[in-house]
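A.B. asks: Before we start, here is the structure in question, set down as structure tokens.
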Protein chains: 2
Amino acid sequence: MSTILVSGHQNPDTDSIISAISYANLLNSTGKEAKPVALGQPNEETAFALGYFGFEAPEVIREAREGDLLALVDHNEAQQSVPGREKATIISVIDHHRIANFETAEPLLYRAEPVGCSNTIIYKLYREAGVDIPKNIAGLMLSAIISDTLLLKSPTCTPEDEKALKVLADIAGVDVQTYGLDLLKAGTNLAAKSNEDLLNMDAKSFPMGDKTVRIGQVNTVDTNEILARKDDLLRLMAETNGREGYDLFLLLATDILENDSLALVVGDGPEAVEAAFGEKIADQMVQLPGVVSRKKQVVPPLTKALEEV
Amino acid sequence: MSTILVSGHQNPDTDSIISAISYANLLNSTGKEAKPVALGQPNEETAFALGYFGFEAPEVIREAREGDLLALVDHNEAQQSVPGREKATIISVIDHHRIANFETAEPLLYRAEPVGCSNTIIYKLYREAGVDIPKNIAGLMLSAIISDTLLLKSPTCTPEDEKALKVLADIAGVDVQTYGLDLLKAGTNLAAKSNEDLLNMDAKSFPMGDKTVRIGQVNTVDTNEILARKDDLLRLMAETNGREGYDLFLLLATDILENDSLALVVGDGPEAVEAAFGEKIADQMVQLPGVVSRKKQVVPPLTKALEEV
């Protein structure tokens, strides 16, 4: 039997990379042969977690090939997935996002739950399979939960995420508050990043109505870091729209200490953005108080607004 | 909170109706308010199981309305679902089929596993939730497993279905072989059925390549019952294609004692049918030795053949 390639989404974030590692380990522990892969290099937050618990970054793959067996983690939509996946066979999906652009010819294992982090579901899968979670894997998994829920402060966070985080912290022997802030801050070292990096480090594309919308997100402890680079970022977003065919580009800068965001907005449909959030755009920028979750607080209202245009 | 409507697919079979009842009961046992509904009346096999274990048929609904909360069981594809479902919110899906024509704006619970019966998954959900399965619900659930796996003889049957059936039979106090044959035979009383009934009693539509394919299935203990009505059935299938816009219609007659099928074939693409099964069509009919599962032995090869045309 060929090895199952376990892959997260493009522009991988901490949950995506760690889900590949933790789910591949579970598959290997239950008699299957699996290997974590990634669609890009780990970001600094992810690298911090991998280094802390003694893991290497997963091998980067660029495309899927005929005959490949794929397990998708932390995503399902085709445009977020490995190029060429239509040539491969998807044997399972573990995810916590909406379902779209996903179609198979045969039945498969699909496990999605509306929780804050894919690793919370993977934690349950270990329990259901009766497989012990190794100490260092538990450390990775709790890092993913901290990352996706912003230390349990995101509105995406559920009691199941809290429970999983607590059990994993006991297994890993980690103080969640101390380690968690160190982890989140490791991802906010923006000074060393190019403007291109900021746009791409955590960006996803979404079909909404008849538009393709690109939404990037950058965590920071000081939004002035973004404001100082605003004009260059706006110019680059416009160029990217032209080159990649995006109709609308939003870049969210999320203050992880204050739990607010602002968004830079470039492209068609600024009135839909204003309708979605009930906030006015000024100088191609909109304040989004209390918004930290792209999935829960940005994609649904913007989808609705663009479908009603 | 509104009541969650738990619904199986159109032309409901035993697994669809019983999944609605068993999953609604689980939701009610875990603090949610849910009600089983159906998209049609139970067939004779299903009616036998409902009567045997003392249940009424679920209320039939014709459409979903704005604001409805839906849980889908035993299906996910839009064209198999309640009309108007795009106005409702789908909060969960429990299924064992391929995934297609399914899209949500928000994350949800989606639990699909490649097992023989939706009730095998629902059995696991009861276990995971720590909820005892009432004796008469266990009787229904084992009926669904017997129906979908043809008493464990279908190639769709997995060790998980066998295990669930055994435990459920212990709870319900039922002899599986005796009860199972009585149940399956209750669904093969074809003499009393009109030709329209035979075409519709277990029929589903599938997009394949650029065609819409209708596949009906009839269980029998004597395929001569179908052969005697062949000309009338072929004429009615052609009429149905014209009226409903199907490109191709297959009616499978499955001998549940011999575990073989024959298929009547009407419409565009008979060469794709021959390519899919490696059998020649003669007089609009093809023998399908060893074929009993539409999902596993008919839909995948036919999809492949029609996509390659």
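Cβ coordinates come from backbone N, Cα and C, glycine included.
Keep in mind that TrEMBL annotations are predicted by a computer and have not been checked by a curator.
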A.B. asks: Can you pick which of B:ASP74, B:ASP95 TrEMBL lists for the same Mn(2+) 1 site as B:HIS9, B:ASP13?
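C.D. replies: Among B:ASP74, B:ASP95, only B:ASP74 appears alongside B:HIS9, B:ASP13 as Mn(2+) 1-binding in TrEMBL.
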A.B. asks: Have a look through B:ASP15, B:ASP197, B:ASP202, B:ASP210 and flag the one TrEMBL assigns to the Mn(2+) 2 site that B:ASP74, B:HIS96, B:ASP148 belong to.
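C.D. replies: Candidate listed by TrEMBL for the same site: B:ASP15.
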A.B. asks: Just checking the binding-site residues B:HIS9, B:ASP13, B:ASP74: which sit within 10 A of B:HIS96 (Mn(2+) 2 binding site), CA to CA?
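C.D. replies: Cα filter at 10 Å returns B:ASP74.
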A.B. asks: Restricting to the same chain and to sequence separations of six or more, state which residues have a Cβ under 8 Å from that of B:ASP15 (Mn(2+) 2 binding site).
C.D. replies: B:GLY8, B:ASP74, B:CYS117, B:SER118, B:ASN119, B:ALA144, B:SER147, B:ASP148
A.B. asks: When each of the binding-site residues B:HIS9, B:ASP13, B:ASP15, B:ASP74, B:HIS96, B:ASP148 is checked against chain A, which show a C-beta distance below 8 angstroms?
C.D. replies: B:HIS96
A.B. asks: List, in sequence order, the residues of the same chain other than B:HIS9, B:ASP13, B:ASP74 whose Cβ lies within 8 Å of the centroid of the Cβ atoms of the recorded Mn(2+) 1 site.
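C.D. replies: So the extra residues in range turn out to be B:GLY8, B:ASN11, B:PRO12, B:ASP15, B:SER16, B:ILE17, B:SER19, B:VAL73, B:HIS75, B:GLN80, B:SER118.
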A.B. asks: Along the domain 'DHHA2' (B:180-306), what average pLDDT does this model show?
C.D. replies: 94
A.B. asks: Using a 10 Å radius around its CB, how many other CB atoms surround B:HIS96 (Mn(2+) 2 binding site)?
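C.D. replies: I count 27 other Cβ atoms within 10 Å of it.
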